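Pulled from Swiss-Prot, these are the features on record:
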{"type": "ACT_SITE", "residues": "CYS102", "note": "active site, nucleophile"}
{"type": "ACT_SITE", "residues": "CYS199", "note": "active site, cysteine persulfide intermediate"}
{"type": "BINDING", "residues": "GLY11, MET12, SER13, GLY14, GLY15, VAL16, ASP17, SER18, MET37, GLY127", "note": "ATP binding site"}
{"type": "DISULFID", "residues": "CYS102-CYS199", "note": "disulfide bond"}
{"type": "SITE", "residues": "HIS128", "note": "site 'Interaction with tRNA'"}
{"type": "SITE", "residues": "GLN344", "note": "site 'Interaction with tRNA'"}
Amino acid sequence: MSETAKKVIVGMSGGVDSSVSAWLLQQQGYQVEGLFMKNWEEDDGEEYCTAAADLADAQAVCDKLGIELHTVNFAAEYWDNVFELFLAEYKAGRTPNPDILCNKEIKFKAFLEFAAEDLGADYIATGHYVRRADVDGKSRLLRGLDSNKDQSYFLYTLSHEQIAQSLFPVGELEKPQVRKIAEDLGLVTAKKKDSTGICFIGERKFREFLGRYLPAQPGKIITVDGDEIGEHQGLMYHTLGQRKGLGIGGTKDGTEEPWYVVDKDVENNILIVAQGHEHPRLMSVGLIAQQLHWVDREPFTGTMRCTVKTRYRQTDIPCTVKALDADRIEVIFDEPVAAVTPGQSAVFYNGEVCLGGGIIEQRLPLPV
């Protein structure tokens, strides 16, 4: 290893993607060290066990690769900058995306600063399925090579400066290749399943978890025609387009179509439902977004044609974007879209390049 080798701190989660990222960076000649982040203190037994197992797996991988593993506690930052906002959004009847917030405030802010200032890193690296490319002197965020795993939707808040300081080794690979590398290396994480659930809080029963922090208020479920057909256990447990968990499966309105959530009346604590996943009340012709983040950090004015995702794993939607003011845009879809959800993120693309995005403030309903 040359003395001039750049130092990279890899965010080690105890999963297969970060494990293979560390090895790939070693192969590329970087001086590699790992960092395990603890971001949640409200430990119940089950969560404590999961975090302990993840740390043990991260340590086992680092031992196998012959690299040092640091640990850091960002629980206070997570609570203040991610979790409290997450709760406030749910309380207001919106559906936030904690993974996006967590990337913005923890992985590419607290971690990036800690790695540079405390550990002397030249770069950080994560196991995200995205790529970076330099265009006109600025780093761009590109979709991951594996379209099934692309995670650019969750990283749209990053600036070109943050991307320039970050490496994404598995973004150039497909998931089966990553697992095969881990198996060939004999890493304990090779067959570990991908984590789901709230960022850093792990997999747990969501209703039960949310109910600890926000008291649920039961209320009426009514149809779009105003008929009361059931009771919900709390508006915060429901999101637009939701079909399961409504408890009204046996009630039919002269048709066999299932019921879907089409709106939430937060003021009166009423859940509004309709039958059919393409009911006009569920469709939107566009949206208004705010809290904008453009990767190039250039202010957006005028209009542009691009594509948008209003949720993860959605097929790109062709659209026209128009600036309303410095921090608000209007987005008009080429075709109506179902279940556009306030609180979620709208993320914009020009081909492979992620341009940035914003929070959906309101949807523009299909005129009925």
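Backbone N, Cα and C atoms are what each Cβ position is placed from, and that goes for glycine too.
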Exercise for the section: Could you tell me which of these binding-site residues, GLY11, GLY15, has the greatest number of Cβ atoms within 10 Å of its own Cβ? Expected result: GLY11
Completion exercise
One of the recorded positions GLY11, GLY15, ASP17, MET37, CYS102 has its Cα closest to the Cα of HIS128 (site 'Interaction with tRNA'), namely ASP17
Exercise for the section: Would you identify the secondary structure of MET37 (ATP binding site) according to DSSP, in three states? Expected result: strand
Practice task
State the three-class DSSP label for ASP17 (ATP binding site), counting H, G and I as helix, E and B as strand, and everything else as coil.
Solution key: helix
Handout entry: C-alpha spacing of CYS102 (active site, nucleophile) relative to ASP17 (ATP binding site), in angstrom
Key = 18
Handout entry: Neighbourhood of GLN344 (site 'Interaction with tRNA'), C-beta criterion under 8 angstroms, separation at least six
Key = THR95, PRO96, ASN97, THR310, ARG311, ILE359, ILE360
Exercise for the section: Do me a favour and check the Cα-Cα span between MET37 (ATP binding site) and CYS102 (active site, nucleophile); whole Å is fine. Expected result: 12
Practice task
Please report how many Å separate the Cα atom of GLY11 (ATP binding site) from that of the residue listed as 'active site, nucleophile', as a whole number.
Solution key: 13
Fill in the blank from the handout: GLY15 (ATP binding site) sits from CYS102 (active site, nucleophile) (Cα to Cα, rounded, in Å) at a distance of 17
